[in-house]
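Below are the structure tokens for one structure; questions will follow.
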Amino acid sequence: MGPLMVLFCLLFLYPGLADSAPSCPQNVNISGGTFTLSHGWAPGSLLTYSCPQGLYPSPASRLCKSSGQWQTPGATRSLSKAVCKPVRCPAPVSFENGIYTPRLGSYPVGGNVSFECEDGFILRGSPVRHCCPNGMWDGETAVCDNGAGHCPNPGISLGAVRTGFRFGHGDKVRYRCSSNLVLTGSSERECQGNGVWSGTEPICRQPYSYDFPEDVAPALGTSFSHMLGATNPTQKTKESLGRKIQIQRSGHLNLYLLLDCSQSVSENDFLIFKESASLMVDRIFSFEINVSVAIITFASEPRVLMSVLNDNSRDMTEVISSLENANYKDHENGTGTNTYAALNSVYLMMNNQMRLLGMETMAWQEIRHAIILLTDGKSNMGGSPKTAVDHIREILNINQKRNDYLDIYAIGVGKLDVDWRELNELGSKKDGERHAFILQDTKALHQVFEHMLDVSKLTDTICGVGNMSANASDQERTPWHVTIKPKSQETCRGALISDQWVLTAAHCFRDGNDHSLWRVNVGDPKSRWGKEFLIEKAVISPGFDVFAKKNQGILEFYGDDIALLKLAQKVKMSTHARPICLPCTMEANLALRRPQGSTCRDHENELLNKQSVPAHFVALNGSKLNINLKMGVEWTSCAEVVSQEKTMFPNLTDVREVVTDQFLCSGTQEDESPCKGESGGAVFLERRFRFFQVGLVSWGLYNPCLGSADKNSRKRAPRSKVPPPRDFHINLFRMQPWLRQHLGDVLNFLPL
């Protein structure tokens, strides 16, 4: 038999060698929906179903196998017919110290659930929540709290079960979701010494749910703005150096962009991945920070297109060029999704840089790292990606003190075989932030990256940043603090709230309206960073009149004790001069990492949410001193002491004639009391490494500096003193109409 006859017989016995590879059946329509194919009807093609808003596909996708049959990822049995099912939002499993209505097993799109608290408890969060078409509730978790714990009541998200009901320092709470729901966020949280719960608020969600771009963009932007604020925001670059910036002690950011290029990603989707990453690079280089960018694409194996060890990683043009040259076909021989290998490439890059710089050097230890993973599927080869994350955390020595040195953002794209549990496991867990998301498609991803870092907004909103390192000066710790002087005598203090406005007390100016000889000293007066400014305009509250109630036997009254000073020049921002955050503004909202749509009341509930709130003011010598603001019933007992002051208020019958609800109260035996000359200074809190002014020093019953010429000498009042020390501070939450009237063009105020 000749060679041609042998070949003919082989083709007859194995007809598959002569025909093209089998294709999958085309009877895959979905009732009420549509579908797309990544590679036609050929083996390896991913079929993705879509449904109208408010419905979700079941199954979400199918894969064409080499046998010519469709397989549903994760399914244990074949589904004969794909259908669109109605989206439902999870129901509350329990709600403490209150009631909710209506009580349903789950809620339809458009449905509402309302919450009310029992007597003695205050509602935090949203009183009414709305079920959205993506299967998520709008608003925030409703909590009925009495402020009794060291940490506020962490609440129970809808669909979750919590164990642990003690909220003292070191206490832990644990969460799990009811059946068929997926937990994102932290399954365990601990009450920390600063009164804040560790980790991220847990959310129970349907497996088919996804995030809207308008929710993801501000969440990512808020987290990034916090990170950027800690990464050398004042370092300037020179174009002549081609943006080539050396690693410095003042801080450096390594940004790692990981782009999925596996079989389930279409060429068009990969293009949008690249465009989104380019947007991020463009935004990040718009900030005056030291940054290096790594680019890694991956399928079955990773390809490092740009390493942070390459000098070009610090050049925006070179990084974007590397992205543009990324080729979809480079991975066509590897069809799997090896997320472990991609993250391990980051680990190896870090390890090489650590060896180059030295593990114990500040140059290595001061680098902050951010990883953004863009994927449309579940890791299906190479081992657990969590193992690589554990190695990364270990090499960076990530612990409670160094938690801010690593951020991992895990972003799933498309309603495919995206695994919520895996994304949540990879994403960082930080208080008030989210790091794991699923978006409906790559167009939504592009929209997120367009809006998450709007430089025009963020450069004016980095407020409340103080340097808390051990070697920082007092002024660097509180860079908003200013001194107000008539001629040469120091009289009052104030707080920088923008680059040209100072907030202070009205009684500093009660002796006349001519302020031409007054000066405001901004920055450290003992160094080259200090500078004196003339006052262009003083705005005194018209309601302030210290003698307004003299006829009632009240010799001095400090209601409306608030003033604004507009400086003749703008202040150049530096580590010694930077505004503090004012609550009820968009700037403070970003710093608090709160969602869009937050209100002034939300800020008050978050900042003044306990019976005794730790706070601070700045002393004459520039040091930061501690007080406790009394709220609720403790405010009443704090203020009642005024009735014992017979010199200033000899005929007082009602304490509230002197201490109105405009005032915050402090001054117990454990507290410091402000001295004369410290009036007008900020009363401020620390939250999430940022500082927020909630009041300003107004008046008190005791002057600890009386009779002393030494700024560092303060005398505590004897325990037998009558009346005991009490101090009163203008509550900025009660002065909102006046602040909005005069600062509406300066700050971006939230709804009341």
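Each Cβ is built from the backbone N, Cα and C atoms, and glycine gets one as well.
Below, the features straight out of Swiss-Prot:
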type	residues	note
DISULFID	C24-C64	disulfide bond
CARBOHYD	N29	N-linked glycosylation site
DISULFID	C51-C84	disulfide bond
DOMAIN	87-146	domain 'Sushi 2'
DISULFID	C89-C131	disulfide bond
CARBOHYD	N112	N-linked glycosylation site
DISULFID	C117-C144	disulfide bond
DOMAIN	149-206	domain 'Sushi 3'
DISULFID	C151-C191	disulfide bond
DISULFID	C177-C204	disulfide bond
CARBOHYD	N290	N-linked glycosylation site
CARBOHYD	N333	N-linked glycosylation site
DISULFID	C463-C581	disulfide bond
CARBOHYD	N467	N-linked glycosylation site
CARBOHYD	N471	N-linked glycosylation site
DISULFID	C492-C508	disulfide bond
ACT_SITE	H507	active site, charge relay system
ACT_SITE	D561	active site, charge relay system
DISULFID	C584-C600	disulfide bond
CARBOHYD	N621	N-linked glycosylation site
DISULFID	C638-C665	disulfide bond
CARBOHYD	N651	N-linked glycosylation site
DISULFID	C675-C705	disulfide bond
ACT_SITE	S679	active site, charge relay system
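Set these features in their place in the structure for me.
A 10 Å cutoff on Cβ-Cβ distances gives C24 (disulfide bond) a total of 22 other Cβ atoms nearby, all chains included. C24 (disulfide bond) carries neither a helix nor a strand DSSP state and counts as coil.
Residues near N29 (N-linked glycosylation site) in space but far in sequence (CB under 8 A, at least 6 apart, same chain), listed by position: F35, A82.
Under DSSP, C84 (disulfide bond) is assigned to a strand (E or B) in the three-state scheme. All protein chains considered, the CB of C84 (disulfide bond) has 19 other CB atoms within 10 Å.
Less than 8 angstroms from the CB of C89 (disulfide bond) sit S106, Y107, P108, V109, G111, C131, C132, G135, M136, W137, L158, Q206, each of them six or more residues away in the same chain. Secondary structure from DSSP puts C89 (disulfide bond) in a beta strand.
Counting every protein chain shown, the Cβ of N112 (N-linked glycosylation site) has 13 other Cβ atoms within 10 Å. Under DSSP, N112 (N-linked glycosylation site) is assigned to a strand (E or B) in the three-state scheme.
For C117 (disulfide bond), the same-chain residues 6+ apart in sequence whose C-beta sits under 8 angstroms from its C-beta are N97, G98, L123, C144.
For C151 (disulfide bond), the number of other Cβ atoms no farther than 10 Å from its own Cβ, over all displayed protein chains, is 23.
For C177 (disulfide bond), the Cβ neighbour count at a 10 Å cut-off comes to 21, with all displayed protein chains included.
The local packing around N290 (N-linked glycosylation site), expressed as other Cβ atoms within 10 Å of its Cβ over all shown chains, amounts to 23.
All chains included, 25 other C-beta atoms sit within 10 angstroms of the C-beta of C463 (disulfide bond).
Counting every protein chain shown, 15 other Cβ atoms lie within 10 Å of the Cβ of N467 (N-linked glycosylation site).
For the recorded site, C508 (disulfide bond), the DSSP three-state label reads helix. Shown in sequence order, I484, T491, C492, A563, S679, G680 are the residues of the chain, 6+ apart in sequence, with a C-beta less than 8 angstroms from the C-beta of C508 (disulfide bond).
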Mind giving me a neighbour count for N621 (N-linked glycosylation site)? Other Cβ atoms within 10 Å of its Cβ, every protein chain shown.
12
Measuring Cα to Cα, how far is C665 (disulfide bond) from C463 (disulfide bond) in Å?
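With the alpha carbons as reference points, the distance is 25 Å.
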Whole-number Å only: compute the distance from the Cα of C581 (disulfide bond) to the Cα of H507 (active site, charge relay system).
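Rounded to a whole number, the Cα-Cα distance is 23 Å.
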Based on Cα distances to N467 (N-linked glycosylation site), point out the closest of the recorded positions C24, C64, N112, N651.
N112
Return the residue, from the listed disulfide-bonded residues C581, C675, with the maximum count of other C-beta atoms within 10 angstroms of its C-beta.
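Top count of Cβ atoms within 10 Å goes to C581.
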What does DSSP call C600 (disulfide bond) in the simple three-state scheme?
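Where C600 (disulfide bond) sits, the three-state DSSP reduction gives helix.
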For the disulfide-bonded residues listed here (C144, C204, C600, C665), tell me which residue's CB has the most neighbouring CB atoms inside 10 Å.
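The residue with the most neighbouring Cβ atoms within 10 Å is C665.
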Where the distance is taken from Cα to Cα, which of the recorded positions H507, D561, C584, C638 turns out closest to C204 (disulfide bond)?
C584
Measuring Cα to Cα, tell me the gap between C51 (disulfide bond) and C675 (disulfide bond) in whole angstrom.
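Here the two Cα atoms lie 67 Å apart.
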